[in-house]
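Heads up, the thing below is written out as structure tokens.
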Amino acid sequence: MGLTYQLIPVLVCLLVCTSHLVHGHKCDITLAEIIKTLNILTTRKNSCMELPVADVFAAPKNTTEKETFCRVGIELRRIYRSHTCLNKFLGGLDRNLNSLVSKTCSVNEAKTGTSTLKDLLERLKTIMKEKYSKC
């Protein structure tokens, strides 16, 4: 028994609509998890929060959001691989950022100033909250 010609468009519509809902929901979950982790990190009183990092948000104006998130990931990896503090949170944050960007993250290193880890995380939290409100 074959599908009727009237049923095929309905099934295609259901497939498209449900896949859109699933992908949108993943965006919400990932962003919420990133924001939760950033809230935990930024309220901690830890000497690692004063570590110097590259000011990745001082990149040129034509830098895309993905490139910025890649730069943040690079800085997070540099911190949690060379210091033993906050590894669990910084590693999880790095993984979640990578899931928003892509598997390959090739970014040209730009000459930037320095900032602290706390400042980087605070600015990232602001960006993620804005992104979450639009998701």
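Sequential numbering from 1, following the chain as shown.
Note: Cβ is positioned from N, Cα and C throughout, glycine not excepted.
The record in Swiss-Prot lists a disulphide bond between C85 and one of C48, C105, C135, namely C48. In the structure shown, the C-beta of C70 has more C-beta neighbours within 10 angstroms than that of any other entry among the disulfide-bonded residues C70, C85, C135. Ranking the recorded positions C48, N62 by other CB atoms within 10 A of the CB puts N62 at the bottom. Put simply, C70 is the one of the disulfide-bonded residues C48, C70, C85, C135 whose Cα lies nearest to the Cα of N62 (N-linked glycosylation site).
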